[in-house]
Amino acid sequence: MRIDRRYFFLNTFFAFLNIVSTQQRVKCGAGNFQCQNGDCIASELLCDGEANCKDQSDETQSECSKPQLVCSPYAFRCNYGACIDGDLTCNGIRNCIDNSDETLAACSGSLHNTTTSVECSINQFKCDNGQCIDSIKLCDGNVDCKDRSDETSSICGSLNCDPFLFRCYYGACIDGDLKCNGILNCADGSDEDIRLCSNTTTTTTTTIPFIPPSRNTTSAPSPWTPPQSNRCLVPPQPANGKRQLHKSQCQTQENCDVQQGVQLYSGAYLVYTCNSGYKISGSADVFCGPEGKWLNIPFCSEIRCKSLASASTNAKCTYNGQWTICESPVLPGTMATLNCRNSYREDTLFLSRQRSEVTCNERGQWEPEPLQCIPVCGVITPNAKPLIVHGNAANISLFPWHATIYETKSPDGPKEFICGATIIKENFLITAAHCVFDETNNRVNDPKRYYIATGNIFRDYDYSEHDSRFVKKAKVKNIYVNCNYLGLEGNYAWDIALLEIDVPFVFSALLLPACLDQSFIESGQGVVAGFGRTAFGSSSFILQSVTLPYVPLNQCKSVGNTVQSEKFITIDKFCAGYTNGTSVCDGDSGGGLVFQTGNLWFLRGIVSIGLGETLSGGIRSCNSHSYSLYTRISSHISWIQDITFKLETSKPIPSCRSSNSYTLA
């Protein structure tokens, strides 16, 4: 079941999150929340226990512990502050993103199984789950019953509070000095109501001392009214479902029917269910907000399993013995047969749990777990021609992972070639950080300035002779640079950047990723492609490639024996190349140096800087008679895997202000 927004009100104005970026943030508008990555979600999805932002920034303690967020008395508050349905605790399902709803003492089962028959003493209150608590703890703002039954409007609504006390919206009494202190002291958080706390003075109208009621009282609770609240009109019944008033507000202690158009006070709680074959889209539980509006009314959608056909996977489906379309969600009972497309292979890491023949079950889930296909990496097409100074014209089939980066100064401006890059996943490429970094302002450039082309043997982005069958283009969506990178100031250590593109590539024989692994072989020859400066001094118009040998560190230092050069040989660098005029040069930066192991090609280095490079007027120049330095991939493999994993699993990427691991543009 999808979890809900159980609170009486929520202030929907949020300041823009402060992350390291030059990208202009888009204002999400009223009623929406802006994720840390810039995405917009509806404000009612904030702090509901489920990550709706891809970076999970809607489910953080900093957002969910704000006093504006108030949980209903029928809700459970996660440890980090989110509000979920109180009935969802201890159900074996993680409904709080931190799993705090499943780590309660009651979740062991001992309370539910053994305390229901326990009789409480005369000075104790018996919770709905059978737990006994001291009577003085009843309706004090603190939840003492594991099932929260000591802090509800049905129990506390008839109470009157001493003039020096503050009365919570649901009826509990707390110390008047605790009101508007930035801490939630009422179980529903009403002591921090933004409307209440924006006033400088408050008045109390009750004069009768607080006396906790007996649980066996026969008098009906007197009604209570939250200040300055409007009533909600009961909405019509949902299509293919039903809505009822929550049992806590019904005399029968069971969910009860309520007629459309009836007026209910703020905090009223409706429960939605769907007919067989349908499921709730949104929250199953809806509250009347302080402005007389229902928060997040759900609807019933037909239960279907997601499509299994993708760029990596072929799928054939049948329903009731008849062929049916697999490219869209399918009905329960549909059977699918799967196999990997060309340039993809079965993911052997999880092969023992995955099957090529699966069925859509009644819950809208495929079972068993469907086959997963991953890209083939590091494979080149045979029958290719030979190998930027003194390099040879390259056949693109030899470098299916090579990509070219272009920069534009304006949306409609020309796209100028700047660097190379290497494809490692359908939507991720690796390049040098200095290709996308503003040295003057010490920050990552706006990703909107960058474009990617692959399969191109000609340099210019809009060249008319590009073969559209092979040349694929994309826009850069996000840029990730390690926070330790400081450019020239840091001697170009950590010169690595991860580019995320807007639309994933579809792999083929001429478009494949290079392989990555943890190892580094300190010998052999690698190959790099690029459009860098040729022996004639200009950037090559046709893709060039060159074979370069690995150079031991001591030999590298002996050639660049000046302090000015040696400082760039940082811990994450290695040397490769010749001193005879054959080397990588300006424009080759960011390109991948790949080494062959067996039949596969592995990305081992990223073109960073040349030891002979000099700075003239702030412009780097290249000395083709010196070795070049490459950022060692094996030094950063954990960083690469961490970022890609977080993005693929919708986990948050911390900014440099909260971590020393990432810069995000």
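A Cβ is built for glycine as well, from the same backbone N, Cα and C atoms used for every other residue.
Annotation in TrEMBL places Cys96 in a disulphide bond whose other cysteine, of Cys78, Cys83, Cys107, Cys120, is Cys78. When the candidates Cys28, Cys35, Cys71 are compared with TrEMBL, only one is recorded as disulfide-bonded to Cys53, and it is Cys35. The recorded disulfide partner of Cys173, taken from TrEMBL and restricted to Cys161, Cys168, Cys180, is Cys161.
Reviewing Cys107, Cys145, Cys156, the cysteine that TrEMBL connects to Cys127 via a disulfide bond turns out to be Cys145. Candidates considered were Cys83, Cys90. The record in TrEMBL pairs Cys71 in a disulfide bond with Cys83. In this structure, the CA atom of Cys53 (disulfide bond) is 8 Å away from the CA atom of Cys40 (disulfide bond). The C-beta environment of Cys78 (disulfide bond), restricted to residues of the same chain at least 6 apart in sequence and closer than 8 Å, consists of Gly49, Cys64, Ile84, Cys96, Ile97, Asp98, Ser100, Asp101. Across the structure, Cys186 (disulfide bond) and Cys120 (disulfide bond) are spaced 25 Å apart at their Cα atoms. Other Cβ atoms within 10 Å of the Cβ of Cys35 (disulfide bond) number 20 in total over all chains. Candidate disulfide-bonded residues: Cys53, Cys83, Cys168, Cys186. Fewest other C-beta atoms within 10 angstroms, Cys53. Considering only the disulfide-bonded residues Cys28, Cys71, Cys132, Cys145, Cys161, Cys35 (disulfide bond) has Cys28 as its nearest partner by CA-CA distance. Summarising the environment of Cys145 (disulfide bond), the number of other Cβ atoms within 10 Å of its Cβ, over all protein chains shown, is 23.
For the pair Cys127 (disulfide bond) and Cys71 (disulfide bond), the C-alpha distance works out to 20 angstrom.
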